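Peer 1: TrEMBL lists these features:
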DOMAIN    80-274  domain 'PNPLA'
MOTIF     84-89  motif 'GXGXXG'
MOTIF     111-115  motif 'GXSXG'
ACT_SITE  SER113  active site, nucleophile
ACT_SITE  ASP261  active site, proton acceptor
Amino acid sequence: MSSTPMTLSASMLSESIGRVISLPLSKIFNGSFIRIFCLAFLFVLVCKSSASENKILIKFYDGDKEKILTYELKRPTVALVLSGGGARGLSHIGVLKVLEKYNIPIDYVVGTSMGSIVGGLYCAGLKSEEIEKIALSTDWREVLSLGEGEDRANLFLERKYLVEKSFLYFRFKGLKPLLPSYVVSGQRITESLFKIFFKTPFHYITNYDSLKPKFLSVATDLVSGKRVVFSSGNLVYVVRASSTIPLVFQPVVIDTLVLVDGGLISNIPADVARNLGCDIVLTVDATSPLRTPEEIQLPWNTADQIVGIMMQLSNKFQLENSDIVIKPKLDEISASDFDKAKYIIEKGKEAGEEKIFEIITALKNKFLLVGDDEPVKISNYRLVIQGDGLPANVVDEIFKADGFSTEEMAKALIDLKLKGGYKRIDVKVKKKQSSFDVEIWTKLNPEIKVAAVFPQSVENFQISSDDFIDNGFISFEANDSSFIFYPKDKLFYSDENANEIKRRVLKVFRSAGYPFVKIKGFEFDSLNGVLKIYITDGYVSGVEISGNKKTKGYVILRDVLFKPGEILTERGIIQTLKNLWATNLFSQIKLDYKVNDSVKVFIDFIESASQFLRLGIRVDNERGAQIFSDFRDENSFGLNDEFGLTFQGGMRNSSLKIEYKVDRLLKTILTYRFGFFHNERNVYIYKTSFGERSFSLSNLGEVKFIWAGFEISTGGQFERIGNTLLKYQLEKAIVKNISIADFKNEENLIGKLRLNIEIDSRDKAYFPNRGVYLNAFYETAQKFLGSDIPYSKIFFYYENYNTYFKYGSLKFKFLFGLCDESTPMSQQFFLGSITGINSFSGMREDENYGRQIISLGVEARFKTPMKVIFDNFIALRYDIGSVWGKFEAIRWKDLRQGIGIELGFDTPIGAMRFKVGKSFIFKRLKQDVLLWGPSILQFSVGFE
């Protein structure tokens, strides 16, 4: 592009400049130069390009003599120090927004704890606005909760029920108890950090000097008691170490270091930045003040106060080491107030705005423009601008009617080059007898119209519109060999703008779930405005495991969801971590990777003791207090196999079981188990008496059921939500009278074969919001199987949960069972319980029994918006069903109906339920009559 040369004399300049100077860049800069020159020096704030762009050459002619003046921009190095502070540290995001707004250059970011997380995200390629979105969308309460984070979706069925029945457990090694040095492992934090950092373009870079800005993270080594400053390593584990609260979360082991929160020694690591030789150290202080007398009543708050007191002197020294301290006004905010994230970020923004002119002044004072000679004052001049022109506001600011200096001109023109719009700016100054001729020739960089991205195979990727629209592109196309992205904004080619497009491209792939796509090269087609970018797809080249001393390698690798030759995705990494953690074999899992043209994955383990004692408790108004105790070795032979002894019971029931089981045989989905059992259960036998308007229950007495024998089963797993088992069971089944007159005892040897399918996809054990539970089987007992009495039985149970409102869930259940007339009482169906598959509103536990059963129920449950210590719920329920002794006795008019209301609490030891129910039946006498049963009040707390 060219234009006719334009000539202006100094006298004409002020009145004519807006009319005659071409303005091809005015829309690009949107008046930014006005702000720059008002601030008098912001030409220094975007120096991220090559060294040649920091220079300008001015050819100076004095008669026949030619002199070349070289001006070079040298700006100060700036370090940003981000303190710890928990939730208060989110204010760093607001400060970053201000620094970005004013184009403040940052060369280094040094962070501790939350400052390390925010700083790591920024250096890995996210803008402050993108970090803000992450901060506001993250469920910090879930991430930092003191639960172990075992998602039941990742557990096999039996393990689900084992974990959910216990609220307390102890590890043993060689029958010797091990005392934990922390409350929770922090694996949930690790998984969350992986998800967050996988959204960054450059998370895979392990040498932090290659990041822009460069990054340093501070942690504390528990062994030596010294501060550790990381300038390399896996970003996830480095920031995880820096933010690990001691005693609460498990320390992070890197090499020989045992690492916890850097704030223990250096909560404001300003001296690290100073030791780097930085010219200006900006520090954001988000640390918490000391607690008030009222807040230190609790012992853990007292311990935190002691640490805070010890850190005060260090903090004071570090703040004195800073040139400018930005301290957001967060007096009323605690380190755990993550629910106030938006407010905290805004406070950081306000604090940044208050300090911005102090920052600008400090930069101005440190700025250096080096020239070959003293600046020349030019007045009474004629200005000629050729080529692609200059922005009108730049001309207006520099070329004033009363003159300008070569230094002023150099400053502005260098800034234009650094902005990336201009490819060349040539300046000639010719001195005449009493005037100057100033000639400037410019050439714009070509526009980047599209980005053409060439993967190894387009078919490896699935990209949606949400992925590119949120990341700086207005649309995209895909063909056989490439993706074509169209930028939202108008960008002229420069190193800076090319890097920005590459950053956006990587963000698109990160959003689509491909964290290991890497740019291996690029070229610019200036004729067509196409930036061609060549990427690696993120193929896995190998998986290497270490640290597993007892556990067999194939036991680990079968849970790894990526294989050599496959594309490594975010889901593959996260689900692999979940699967491996769910084995419960390891105290630490460190998944690392080396990204080149392909990805080499390294998984290192620290094995944990595999012997566990788990304890649970239950109290209800039907059976009183019960305990649950399970002791087992969960890695007996290094196969993730279990040998366990389980006892459960109280005064009216007991269960003892010894078993050996393997959830997965070798690398298959096959499972097998065998064991011995002895179960006892006391049951009240009721009689129903009907009156004219109501019916009543009378307790006839009590019988005892005893089942003792052994079982062996084999089958296959449905991923981790269910299984199909073929089970053989031989048991002595006894029904013995305790207090009923004229009751005939029963004793049989039962040998039976059962084909069973069970699926459980519920999101929680207690008060689930969504999911399905299914249990169905066909069972037959025959003499050739060792049974005294042959019979057959079919059973089907299904329940479904869905959430339709923010606080409301709906449950539907259906139960059906059928067995033949030879089925003894010990094998029949019971209806009525407080909880479980045979629960029924308005019925006592085991109120009815028989050989045929049908029941249907609907429950609407609402979570109350007010939390009273624990999450609490109110449920309304309707049931209909009945039990019959013989098939021919089935009559629909005998169906019992029930309504009830429940108040529930989700407590650490299990669900607490208070239930009131009342059942009714339509009885045909002279006419249909509604008969109401007694009101049944029930209570339970603990395992179910």
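Glycine residues also receive a Cβ, built from the backbone N, Cα and C atoms like all the rest.
Automated prediction, rather than curation, is the source of TrEMBL annotations.
Here the structure is a predicted model, which means the values were calculated and not measured.
Distances, neighbours, how buried they are, the whole picture for these features please.
Peer 2: When pLDDT values are averaged over the domain 'PNPLA' (80-274), the model yields 92.
DSSP states for the motif 'GXGXXG' (84-89), grouped as helix (H, G, I), strand (E, B) and coil, give 4 helix, 0 strand, 2 coil.
Helix first, then strand, then coil: DSSP counts for the motif 'GXSXG' (111-115) stand at 2 helix, 2 strand, 1 coil.
Sequence-distant neighbours of SER113 (active site, nucleophile) (same chain, 6+ apart, CB under 8 A from its CB) are SER83, GLY84, GLY85, GLY86, GLY89, SER242, SER243, ASP261, GLY262, GLY263, ASN267.
ASP261 (active site, proton acceptor) is surrounded by 25 other CB atoms, counting those within 10 A of its CB over all protein chains shown. DSSP gives ASP261 (active site, proton acceptor) a strand state.
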